[in-house]
Amino acid sequence: MVEQATEQGQSVGASYEENYCDIVMKGGVTSGIVYPQAITELAKHYRLKNIGGTSAGAIAACLAAAAEYRRSNTGSFEGYEKIAALAAELQGQPEGVPEKKFSTLFALFQPSEKTAPFFKILKSTLNHETGKGRLFGALKGASLAYWPVAITVFITGLLIAGIFLAFVQSLSSCLALGAWLISVPFALGFVLFAIAYPIIGFSAKDWKIEFALSAAVLVLAAYFAPPVMCAIALMPAVGLGALLAGIHIALRIYSLLLDMANDEKQGFGLCTGMPPDKNTNVAKEYEGYEALTPWLDRKIREISGKPEADGPLTFGDLWGAKGFPPRWLEEDFKDVDETRKKSINLQLVTTNLTHGRPYILPFDDQLARIFFRRDELEPFFPEYILNYLLENSKEYKPADGYPQGKKAIRELPAAKDLPVLFGARLSLSFPGLLSAIPLYAIDEEPKKSKRKLERCWFSDGGISSNFPIHFFDGFLPIWPTFGFTLEETLKHSPNRKVGMPSTYEEGREESWTRFHDKKDLDRLTGFFGAIFNAARNWNDNTLTRMPGVRERVVHIYLDSKKEGGLNLNMPKKTIKQLVGRGKRAANEIVRRYVNKSFPGNGVMMDFENHAWVRLNTFVDMFSAHIPELKRALDKKQRRVDYHKLIHTAGARVKGQYPLTDPKDIARLIKFINVLSSLPNKFKDGTIVQDTVRPVPKGALRGRPLL
């Protein structure tokens, strides 16, 4: 279990100028509201060297990098102060907008005129605690989105049913009894009650109200027995009208869904991140508000302090910022250029849905050649970003037949020239809500002469890696990497809002996605939700339990039914509470790693002790491979002579990675000799024989960078 956080007073601690840390922030949608205060508090004590994030965590990571860029170049903390002020801005309204309108946070997600009906349906599902409530909310939203047509079809259904009743001579007899005076209000009342009941959400404690309503209905029904009986007989007419209206709405939604899927300007999302077209009803509704991408663009520029005339903030700007290396690392980085030194190293995750794997932004992989078409990116980015991409890219001309001009396919700028905003938007593309981004890559499966570019859709980084806490980890740390993760409220400790392990044995508990004790629709959706979460989060959940990881991760607990996630219209009180949790999360880190207070059980949990745990976990992982080294390198047992492979490296042909430089061969021989000596130094295959070791155990394996 992890200790409950409490408010702590800040102390200055070590000077941030020589005190470095890395941070990684988990993804979400509106959950990112917790990060501004966390970043600002941490920056009072540390310089942020490596900054990682995905989805909403990518927004926070980009803003943190922009603030650190400003501080590194000017010494000003103003960028972080602007980050701290974001919470107040997001929970309020822009200047000139009535206070009763929706918050700035909600207005960041602006649908197009085409997708506005879907967005109304989504909005109606928010803030419901049960699956049934969300379902009825969706039905209500659909009715509101299409109410003029729905009413017309409903009345048409009544008329059709009336004609049938006239043919069977039951309509005239019921009209003679005055049943229409009862049936019409009864039908309308029934429909309104059916809509209101799930919205009101009666519970067991409301039995008195339910009893009174039921009694009133029974008394009225008994008093007007004959007309009521006829009214009930007329109910099929109401049912037919409702059925036709429902079918019509369903067909309209289905048609819109297909239209969205085929409209590449929508990118499979309700919102593109850009404002809707001018002079539309949606544009009038959001008048005075900024959409997500223009808002984020403005914030990056304001926080970084880079003038707009100088172009967008790029990853290269961050790499070349002042302030790194510190004095104690100057010798190591004396002859290293900025692309390797990376004074501020921002890394984000996006998911290439077409390739089915995550990509690290900026695209710094030699194999990750990514291309774009300006006209296809116009719905998703400001014009000056598109112009910048055009000016800093080269056209792709492998063969005739590719489009020219505005539709020309161009290779994205080099990693150092890629705008930070571009990376943030690729990482933040929450499926269904925010559009995916169309780019291109070379299909290398055919022969080289027949290869061509294929479109790739890039979506939210959280689909494939929502909490890449391992982003900046080496075998042994020289400064800490802190993680901020967002979790569902604990079942047995619902009042715990922020937590961090208080001893090195804590924090290895499993993550739970509970659904078996739910009922009906909640149980069914819970089952499929658990499948999705397991596929998406298995790596993150497994890694967060590891020794050397768990004691540097702060858990921020949210009630997903009303806090963070897709709850776009959170009230001010809820937003304020989430902001406070971000500050408390940073204070938990400061308490341990800066103030060196004892969080619990008399165990010091500072960086020095964290480094000791990391050393032990590395030793255990490495020692597990010593027997393998013996089997591979021992002259008596080996099936492959690795020394011979090295000595004959120069004879290898292209494609077999030949080595022709004698210095390379000499260094490789030296390395293989060191490996060969290890089994003799640790004959039992164990470096440390003590039985009390950090658990769960890890493994050293060859894996891609992500």
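Note: Cβ is positioned from N, Cα and C throughout, glycine not excepted.
A TrEMBL annotation is a machine prediction, not a hand-curated record.
Owing to the predicted nature of the structure, the values given are computational and were not obtained by experimental measurement.
What TrEMBL lists as domain 'PNPLA' is 23-473.
A mean pLDDT of 92 is what the model gives for the motif 'GXSXG' (53-57). The motif 'GXSXG' annotation in TrEMBL covers 53-57.
Summarising the annotation, TrEMBL assigns active site, nucleophile to S55. Secondary structure at S55 (active site, nucleophile), taken from DSSP and collapsed to helix, strand or coil, is coil. With a cut-off of 8 Å between CB atoms and residues at least 6 apart in sequence, the same chain places G27, G28, V29, G32, S427, L428, F430, D460, G461, G462, N466 near S55 (active site, nucleophile), listed in sequence order.
Taken from TrEMBL, the feature transmembrane segment applies to 144-167 (among others).
TrEMBL lists 179-200 (among others) with the feature transmembrane segment.
Positions annotated as active site, proton acceptor by TrEMBL: D460. Using a 10 Å Cβ-Cβ cutoff, D460 (active site, proton acceptor) registers 27 neighbours.
In this structure, D460 (active site, proton acceptor) is part of a beta strand by DSSP.
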